[in-house]
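As recorded in TrEMBL, the features of this protein are as follows:
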type	residues	note
DOMAIN	3-247	domain 'Carbohydrate kinase FGGY N-terminal'
SITE	Asp8	site 'Important for activity'
BINDING	Met81, His82	substrate binding site
ACT_SITE	Asp240	active site, proton acceptor
DOMAIN	257-442	domain 'Carbohydrate kinase FGGY C-terminal'
Amino acid sequence: MSYVIGIDLGTSAVKLLLFNKQGDIAYQVSKNYPLIQGKNGYSEQEPEAWVQQTFAGLRQLIQEGPCSAQEIEGISFSGQMHGLVLLDEQNKPLRNAILWNDTRTTEQCRQIYQAVGEERLLRITKNPALEGFTLPKILWVKEHEPELFQQAKTFLLPKDYLRYRMTGEVAMDYSDAAGTLLLDMEKGQWSDELCRIFELNLALCPLLVASYDQTGTVMPEVADETGLSAQTKVFAGGADNACGAVGSGILADGQTLCSIGTSGVILSYEASSDKDFNGKVHYFHHAAPDAYYTMGVTLAAGYSLSWFKEVFGAESSFEEFVKDIETVEPGSNGLLFTPYIVGERSPHADAVIRGSFIGMDSSHRQKEFVHSVMEGITFSLNDSVEIFRENGKNIHSIVSTGGGAKNEYWLQMQANIFNADIVKLSSEQGPGVGAAMLAAYGCGWFATLKDCADQFLQVDRVYSPQEEKVQVYKELFAIYQDVYHQTNSLNERLKAYRK
Ligand SMILES: Nc1ncnc2c1ncn2[C@@H]1O[C@H](COP(=O)(O)OP(=O)(O)O)[C@@H](O)[C@H]1O
Ligand SMILES: O=C(CO)[C@@H](O)[C@H](O)COP(=O)(O)O
């Protein structure tokens with residue numbers, strides 16, 4: 001029997017999925033690592049923690065899984081996007097990785113607009129300068145840690161560093177490179193113009209490869225440490241949202257994805273890179289051949305719920321914590337939450353805004369709070385659904401994945417707020433499934449990724465909108481949209497008091 005492994009290097013954990021040729025998940029394991037939040041707005045991780053936890057997961061998979069190491073033909077990756085891993089001459093990380101949800105770079109974003117101009121930046125990269133993207137992080141290190149920056153030989157994104165540690169080969173795939181703000185999207189190459197403007201050596205940018213390209217095999221020392229075979233082929237993999245799209249079958253025009261992980265995204269397939277959304281949504285390379293995708297991002301989606309649970313219900317399991325919400329009506333008995341707890345990206349690119357509970361009442365109990373957090377997250381994602389609809393997309397059906405898709409009640413809430421059918425697949429782990437599919441396709445098991453999707457993906461259930469609730473949510477969404485405008489100046493004034 002032949003197998004492939006998909007490794008999803010998420011923000012909260014690394015998740016490993018072992019698939020057989022029939023597309024069944026034969027074994028899965030997940031290992032957590034912490035976020036390092038030294039200051040307000042900072043978000044870092046230790047690259048070594050990703051490597052050690054992945055190796056621990058691989059050891060467990062080899063020891064407890066159903067196959068021998070020799071039967072594993074290929075491995076590929078999905079990774080949290082935009083995180084900066086700076087490497088020295090010996091390819092050793094020079095500092096902790098600065099992650100996608102770190103918002104320290106507002107000043108660098110301003111400098112990028114000033115130096116390049118908004119229109120030119122959009123023309124080259126198809127994206128605006130946002131705090132989370134990689135180029136502002138590079139400029140932050142250059143400005144604030146110049147001695148360290150001088151030692152930098154190259155930069156990678158999180159999953160590329162992990163892959164380098166498994167193969168010894170340094171490379172980055174197009175879907176992740178698109179999120180750096182250094183890629184010329186139409187030319188499909190690093191922008192020498194941007195490198196010149198910011199006095200960055202073009203050699204800092206790694207070799208570009210396709211997501212399904214082979215980038216070596218498992219190194220013998222890694223094989224010894226994990227139990228893998230040194231013959232196993234390693235494929236580049238892609239950005240978690242690109243892999244999530246592959247692993248949810250978003251492989252043709254008109255298909256839409258909702259993912260609620262730490263962040264949340266609404267993503268739409270694009271056949272070309274020449275549409276104009278005026279920077280309102282991100283526009284990136286897909287992990288599938290010759291394709292792109294657009295997406296809106298909620299910075300703290302699942303993270304808003306896990307933050308709330310950590311503060312108010314750390315001792316209970318997730319299932320226990322959310323179990324009473326089914327008795328709460330739309331509107332959470334007059335309680336409204338905005339999930340801006342680490343700032344926001346879509347539709348308000350704003351690192352200063354913070355979350356609110358509006359309408360707190362002495363009758364409210366934990367269940368109303370949890371319910372309103374889930375509603376607020378979903379309203380925020382609906383902002384992105386609305387941008388797509390305003391730009392002429394017909395959205396009648398959305399595949400929903402990520403940790404948030406584990407809860408059936410939340411899936412029904414998504415159907416009612418998005419006013420669209422919500423499709424739940426048999427695995428909610430879209431990015432990991434997509435990574436495994438890239439390995440399967442790379443190994444030549446299927447002629448196309450679409451053929452692989454037909455074999456690997458099954459619809460578990462469809463949740464249809466409930467008309468009465470759809471109407472109530474339309475009214476509530478209008479109130480939700482007002483909260484940003486009513487609270488942004490208050491947050492500007494509160495900013496001085498943040499640590
Ligand atoms: N049983 C559950 N019900 C609802 N949401 C859940 C449940 N379990 C986890 N989650 C949500 O899923 C999120 C993690 O999703 P995941 O896709 O694993 O994230 P990441 O890829 O960013 O590490 C958590 O932040 C949490 O909000
Ligand atoms: O920044 C983005 C997308 O632009 C995030 O979606 C990250 O890619 C992190 O993903 P998760 O850990 O939430 O899956």
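Just so you know, glycine gets a Cβ as well, placed from its N, Cα and C.
Automatic prediction, not curation, is the source of TrEMBL annotations.
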Legend entry - Asp8 (site 'Important for activity') and Met81 (substrate binding site), Cα-Cα, nearest whole angstrom: 11
Inset, instruction - Rank the recorded positions Asp8, Asp240 by the number of other Cβ atoms within 10 Å of each Cβ, and give the residue at the low end. - result: Asp8
Legend entry - DSSP-derived structure type at Asp240 (active site, proton acceptor), helix or strand or else coil: helix
Inset, instruction - Show which residues of the chain containing His82 (substrate binding site), separated from it by at least 6 in sequence, have their CB under 8 Å from its CB. - result: Leu99, Trp100, Gly132, Phe133, Thr134, Lys137, Leu157, Gly179, Thr180
Inset, instruction - Take the Cβ of Met81 (substrate binding site) and count every other Cβ within 10 Å, whichever protein chain it belongs to. - result: 29
Inset, instruction - Determine, to the nearest whole angstrom, how far the Cα atom of Asp8 (site 'Important for activity') is from the Cα atom of the residue listed as 'active site, proton acceptor'. - result: 7
Inset, instruction - Look up His82 (substrate binding site) in the DSSP assignment and report helix, strand or coil. - result: coil
